[in-house]
Amino acid sequence: MSKIHAVVLAAGQGTRMKSKLYKVLHPVCGKPMVQHVVDTMASMQVQDIVVVVGHGADAVRAKLGEDVTYALQEEQLGTAHAVSQAAPFLQDKEGTTFLLYGDVPLLSATTLSALLTYHEEQQAAATVLTAVLPDATGYGRIVRNEAGEVLRIVEHKDASEAERAIREINTGIYCYDNRKLWKALAEVKNDNAQGEYYVTDVVGILRDAGEKVVGYEAIDPEETLGVNDRVQLSEAEAYMKKRIMTGHMRNGVTIIDPTSTYIETDVKIEADTVIHPGSFLRGQTTVGADCVIGPQADLTNVEVASGVTISYSVMVDSRVESDSSVGPFAYVRPGSQIGSNAKIGDFVELKNAKIGDGTKVPHLSYVGDAEIGDGVNIGCGTITVNYDGAVKHKTTVKDGAFIGCNSNLVAPVTVGQNAYVAAGSTINQDVPDNALAIARERQVNKIDYANKMPRKGKKQS
């Protein structure tokens, strides 16, 4: 296989989106549209990816990083003009070049690989990715000769009655012989009503030069959907979501109700895990085998080991080890690590906390900036008092400790191994190993107190 290059057009402003965010940066299933395109190219081991930027160039660069090459289109003079901005980076190279659009996020590596294979088998100068639609109104039509080669692409407004009856359309996606592309591109003129340079003219230029131009029909036309407004964005989101769900289910994941579940592109889930309705799995979240996620679990960049149960809870930038349970109604904030066979129960908040194996924080507690050992019990209502108004301080609770209900651990403080903290205590000094710490007022009972107090309706003597 020859060397593969790609030009991705991402210079348009996208006024129909009616947004401050540049069009190609609008997300589909958690990832900017243009990132989907670049990632697909990267998965195909494309050697050179040149992204043509214009409006929002800095924002696009910030999202995509430095793994691609950028070409700047300062003036918007048409698609051929946009492609030509990549010439300094590609025109002297051998091989095949893809032409793609940053607002066409659904194209799969399977489809593009098939396009590439067909292009090389046909030894064509250019191969057009086409699609057959039930209603082709508004699209450029593919006109073929008797041999099935592409003669020309006719825009809808310029098409004859017979040409308008053609349902095979130009998707705008191409494979080119790289050297022939740049030679033909130099011949494109702007003698049209809009005064712009159109990349579709390259097909005619190549044909006039006696070159072979063919078309490859996409098996799934929906993959070629371009996004120009919020309606089409929602359609792309729905398609991508279905693709993601189908992939996970075919790999052995049970998704009870795909219509009420949201899973982003880069999420990984192992077999025999069950995802319940209302769950959101985002970012770089990974879920092991035999887990139960949801209902109503919201996980962002979370590492979940096998056999974990998470329900009605929010977890962000954290990790939970095998056979643990989280929820219902827990909030696990960034930097938290939950050990194996641990329990994080209802209305518990963790922040930058390390929870040991077999430790239980069953309910109504805040554990922040803390390291809790193995086999610890944190009683209901326990608070790590970590903030003095300027600095966050650390709380350490060692293995086997028992913290009674409604205790305050005022950091920095350490509770020793197998130590006890009596319920209702405010601990502001270290507790030695195996000790019992009691930090509360001794109870005093005032005998016959009630009879001495005035009450409504009670006659005073």
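Yeah, the Cβs are placed from backbone N, Cα and C, and that goes for glycine too.
Over in Swiss-Prot, the protein carries these features:
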type	residues	note
REGION	1-230	region 'Pyrophosphorylase'
BINDING	9-12, LYS23, GLN73, 78-79, 101-103, GLY140, GLU155, ASN170, ASN228, ARG333, LYS351, TYR366, ASN377	UDP-N-acetyl-alpha-D-glucosamine binding site
BINDING	ASP103, ASN228	Mg(2+) binding site
REGION	231-251	region 'Linker'
REGION	252-461	region 'N-acetyltransferase'
ACT_SITE	HIS363	active site, proton acceptor
BINDING	ASN386, TYR387, ALA423, ARG440	acetyl-CoA binding site
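Cα of HIS363 (active site, proton acceptor) to Cα of ASN377 (UDP-N-acetyl-alpha-D-glucosamine binding site): a span of 11 Å. Our reading of the acetyl-CoA binding annotation (ASN386, TYR387, ALA423, ARG440) yields a largest Cα to Cα distance of 22 angstrom.
Counting neighbouring Cβ atoms within 10 Å of each of the binding-site residues (ASN228, ASN377, ASN386), the lowest count belongs to ASN228. If you draw a 10 Å sphere around the CB of ARG440 (acetyl-CoA binding site), it holds 12 other CB atoms from the protein chains shown.
Taking a C-beta cut-off of under 8 Å and a sequence gap of six or more, GLY102 (UDP-N-acetyl-alpha-D-glucosamine binding site) has these contacts in its own chain: VAL8, LEU9, ALA10, LYS23, VAL24, MET33, VAL34, VAL37, VAL51.
The recorded positions listed here are ARG333, HIS363; among them, HIS363 has the most other Cβ atoms within 10 Å of its own Cβ. According to its DSSP assignment, TYR387 (acetyl-CoA binding site) is in a strand. Around the Cβ of GLY12 (UDP-N-acetyl-alpha-D-glucosamine binding site), the same chain contributes LYS23, VAL24, GLY54, HIS55, GLN76, ASP103, each under 8 angstroms and 6 or more positions distant in sequence. Within 10 Å of its Cβ, the residue among the binding-site residues LEU9, ALA423 with the fewest other Cβ atoms is ALA423.
Other Cβ atoms within 10 Å of the Cβ of GLY78 (UDP-N-acetyl-alpha-D-glucosamine binding site), summed over all protein chains shown, number 21. Secondary structure of the region 'Linker' (231-251), assigned with DSSP and counted as helix (H, G, I), strand (E, B) and coil, comes to 20 helix, 0 strand, 1 coil. GLU155 (UDP-N-acetyl-alpha-D-glucosamine binding site) is surrounded by 15 other CB atoms, counting those within 10 A of its CB over all protein chains shown. Note on proximity: among GLY78, ASN228, ARG333, ASN377, the binding-site residues of the record, the Cα nearest ALA423 (acetyl-CoA binding site) is that of ASN377.
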